[in-house]
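Take a look at the structure set out below.
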Amino acid sequence: MLIDGFGRTVDYLRVSVTERCNFRCQYCMPEKPFSWVPKENLLSYEDLFKFIKVSIDEGIKKVRITGGEPLLREGLDIFIKMVFDYKNDIDLALTTNGFLLAKAAQKLKDAGLKRINISLDSLDSSTVAKMAQKDVLSNVLEGIKAADEVGLKIKINCVPLKGINDKDIIEVLEFCRAKGYVVRFIEFMENHHAKDGVKGLNSDELKAIISKKYPNFKMIPRDTSSPAQYYEFEDGYQFGIIEPHKDDFCAACNRIRLTSEGYLIPCLYFEDAMSIKDAVQNNRIDEAVEILKKVLQNKPEKNKWSTTGDNETSSRAFYQTGG
Ligand SMILES: Nc1nc2c(ncn2[C@@H]2O[C@H](COP(=O)(O)OP(=O)(O)OP(=O)(O)O)[C@@H](O)[C@H]2O)c(=O)[nH]1
Ligand SMILES: C[S@@+](CC[C@H](N)C(=O)[O-])C[C@H]1O[C@@H](n2cnc3c(N)ncnc32)[C@H](O)[C@@H]1O
Ligand code: SF4
Ligand code: SF4
């Protein structure tokens, strides 16, 4: 079992397979970075897999593939199959913007992927085009449909921004309810890479919008394996809110992140990281485990986003850490 310095059990590994992306979301990567990590600096799937294997042996029960946009990296289905074949009862999931999903869904499912979280900020194509800075809605909707048809369990992620897609929250919620997808609204996490002036809605503002149309939803006990707080309508439909600005959000933190270059990142907010690249490339797996344990020992207690509205801003790029 993996335990961090604050006694939290860590059983969730998020693996970013690329920092590259085909969208330019205002809240994440509004402009193409000055340079991408050169391809030769990436860890190969074989090396990423060596680390995933040993992490599973040490107690990881949930592996999520993310990015950047993970579907941009070729051979993702083969990588997923490696993990599935090693331990087929692992919670194996992917987070994607959905643009390339229509073609990939069947292969991903066949490889052993169980769940997929897809970003959908609005159902209005011009709003989506404004947020992603590209006209993408129809491809994303086709991707969602394909994932559903092949039997992947779907969650939708939506980041509501003031004056942009806050008008669309109910429509996104009703779309997900009609389709039977769980939707999570995510509080925008302030970071230096986002577009200047972008402002997110906080959990109270979101709940106020939803309760105008649906006054009767109740909070349900927090499942600590997920970052979301879930709420339930009278008909049993559940939606979530991811509230990183809440004081106790990090108390249940159970995760660690690995970047495509082989950096282990203990917390989404902070810059700290240690590389396992040299250790795995040279098959010094015991050393990689030592690094993992050291990173966990130094995992911060909590982020510095605050509830006051007077937020500190993280310098971490979400597209590098995998969100
Ligand atoms: N602050 C913070 N945000 C997180 C953390 N983990 C996930 N998130 C955010 O939650 C949002 C949704 O993440 P997903 O990639 O869908 O993964 P997940 O919510 O862990 O997925 P489930 O396993 O389905 O619960 C993203 O915006 C992430 O950045 C975390 O440890 N800290
Ligand atoms: C970094 S993306 C990577 C996976 C994929 N490209 C996607 O968009 O789903 C993972 C998640 O992080 C969320 N995200 C990115 N930047 C964020 C920010 N500043 N605040 C809150 N969520 C953010 C996205 O909405 C997405 O759900
Ligand atoms: S949120 Fe995902 S889709 Fe949007 S820019 Fe970031 S990595 Fe790309
Ligand atoms: S902000 Fe850091 S400590 Fe808090 S839940 Fe996310 S990764 Fe964990």
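Even glycines carry a Cβ here, placed using N, Cα and C.
Any TrEMBL annotation is an automated prediction that lacks curation.
Some features that TrEMBL has for this protein:
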DOMAIN    5-228  domain 'Radical SAM core'
BINDING   Arg14, Arg64, Thr95, Lys155, Arg255, Ile256, Arg257  GTP binding site
BINDING   Cys21, Cys25, Cys28  [4Fe-4S] cluster 1 binding site
BINDING   Tyr27, Gly68, Ser119, Met189  S-adenosyl-L-methionine binding site
BINDING   Cys250, Cys253, Cys267  [4Fe-4S] cluster 2 binding site
REGION    302-323  region 'Disordered'
COMPBIAS  305-323  compositional bias 'Polar residues'
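Comparing the Cα of Lys155 (GTP binding site) with the Cα of every entry in Cys21, Ser119, Met189, Cys253, these being the binding-site residues, the smallest distance points to Ser119. Among the binding-site residues Cys28, Gly68, Met189, Arg257, no residue has its Cβ under 6 Å from any atom of ligand 4. Apart from Cys250, Cys253, Cys267, the [4Fe-4S] cluster 2 site neighbourhood in this chain, defined by C-beta within 8 angstroms of the site C-beta centre, holds Phe249, Arg255, Pro266, Leu268, Tyr269, Lys299, Pro300, Glu301, Lys302, Asn303. Look at Tyr27 (S-adenosyl-L-methionine binding site): DSSP puts it in coil. The binding-site residues near ligand 2, defined by a Cβ under 6 Å from one of its atoms, are Tyr27, Cys28, chosen from Tyr27, Cys28, Cys253, Arg257, Cys267. Look at the Cβ of each of the binding-site residues Arg14, Arg64, Lys155, Arg255, Arg257 and count the other Cβ atoms within 10 Å; the largest number goes with Arg257. Using Thr95 (GTP binding site) as the reference Cα, a 10 A cut-off selects Ser119 from the binding-site residues Cys25, Cys28, Ser119, Met189, Cys253, Cys267.
Each residue contributes its Cα atom, and for Cys28 ([4Fe-4S] cluster 1 binding site) and Met189 (S-adenosyl-L-methionine binding site) those atoms are 9 Å apart.
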